[in-house]
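> Okay, these came from TrEMBL:
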- Gly22, Lys23, Gly24, Gly25, Val26, Gly27, Lys28, Ser29: ATP binding site (BINDING)
- Cys196, Cys199: [4Fe-4S] cluster binding site (BINDING)
Amino acid sequence: MSHAEVGSRLASIKHVVLVLSGKGGVGKSSCTVQLALSLVGQGQRVGVLDIDLCGPSIPRMLGLEGRQIHQASAGWVPVFADPSKRLACMSIGFLLPSKDASVVWRGPKKNAMIKQFLADVYWGDLDYLLIDTPPGTSDEHLAAVEYLQEWSPDGAVVVTTPQAVALADVKKEIDFCRKVGLPILGLVENMSGFVCPHCAECTNVFSTGGGEGLARHAGIPFLGRAPIDPALVMLLEQEDKTLVPSANGPAAAGQEQERTASIVETYQRCQLSKLFAEIARRLTEGVAQQQQQQQQTADTMYS
């Protein structure tokens, strides 16, 4: 696989954003999914590339478990999550024999898989490609950055939770981005409180404000904070994504839950969709500013 093959795939994608976190369990994949759904809700065409090879959770969250990818003359065709085909997904989860099958690979084979995803997936025209990464700063991250660097990815969104133990690891992720020259588009403070399903009051279970403080200290944009919302947890956990989730649990016997067309529409009924719509808006503004700065730098160099 050559750099030219990767470039031919990226040529039809306007913006490439990596979603990173130095800490596992901070809800990075759920943030990736919510960013994707929010961008689609704002009229964008979005692809999600899941390179968390040992823990591919994106297919389950989007309700695509058990689906198969197809080989066309142009390459691998991603799996679409909505009838309008505005949200596409690619994950190793679509290539495994079962959802319980493990990936027991060493670094070189992981890197080869990521390179193949970048070179062989036919996304078509996309406004945004979101790359969901595993926690840490290891092989998968280096492989993705190496093969994307020549085409100047827009940057990274860093996800953390408010408590100090998560912030300490996320500082390492920020340092990683700076060492490899990957711009940081902003930081999201996830699990910033818990929304009661009965009274809608938000309780700061893990404290709050740590992510915003880190962003200020590191000199990077703060995109926003999002609490734990039981309605979102139910939506991502249930197999039928067309059911509008209730934070109070399943519908009573004999009572049907409301159905909508796709997860894109179902998500808009969750309270968190309003918060992530604002986070997505700030992200698109940051991407536009980043592009403008790159253009100004290029103009200065060649003037």
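Using N, Cα and C of the backbone, Cβ positions are placed for all residues, glycine too.
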> Counting other CB atoms within 10 A of each CB, which of the binding-site residues Lys23, Lys28 comes out lowest?
Lys23
> Ten-angstrom check, please: count other Cβ atoms within 10 Å of the Cβ of Cys196 ([4Fe-4S] cluster binding site), all chains counted.
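Within a 10 Å radius of the Cβ of Cys196 ([4Fe-4S] cluster binding site) lie 12 other Cβ atoms.
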> Which chain neighbours of the ATP site, leaving out Gly22, Lys23, Gly24, Gly25, Val26, Gly27, Lys28, Ser29, have a Cβ atom within 8 Å of the mean position of the site's Cβ atoms?
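Apart from the listed residues, the neighbours are Ser21, Pro135, Val159, Thr161, Ala166, Asn190.
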> Ten-angstrom check, please: count other Cβ atoms within 10 Å of the Cβ of Ser29 (ATP binding site), all chains counted.
24
> Per residue, counting other C-beta atoms within 10 angstroms of the C-beta, which of the binding-site residues Val26, Cys199 reaches the highest number?
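For the binding-site residues Val26, Cys199, the Cβ with the most other Cβ atoms within 10 Å is Val26.
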> Far apart in sequence but close in space: which same-chain residues, 6 or more away, have a Cβ under 8 Å from Gly27 (ATP binding site)?
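The answer is Val159, Thr161, Asn190, Met191.
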> Taking just the CA atoms, what is the gap between Cys199 ([4Fe-4S] cluster binding site) and Gly25 (ATP binding site) in Å?
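For Cys199 ([4Fe-4S] cluster binding site) versus Gly25 (ATP binding site), the Cα atoms are 27 Å apart.
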> Using all protein chains in view, find how many other C-beta atoms are within 10 Å of the C-beta of Gly24 (ATP binding site).
13
> Among the binding-site residues Gly22, Gly25, whose Cβ has the fewest other Cβ atoms within 10 Å?
Gly25
> Hey, how far is Gly25 (ATP binding site) from Cys196 ([4Fe-4S] cluster binding site), Cα to Cα, in Å?
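Here the two Cα atoms lie 21 Å apart.
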> Taking the Cα atoms as reference points, how far is Gly22 (ATP binding site) from Cys196 ([4Fe-4S] cluster binding site) in Å?
29
> Can you give me the Cα-Cα distance between Ser29 (ATP binding site) and Cys196 ([4Fe-4S] cluster binding site) in Å, rounded to a whole number?
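About 23 Å separates the two Cα atoms.
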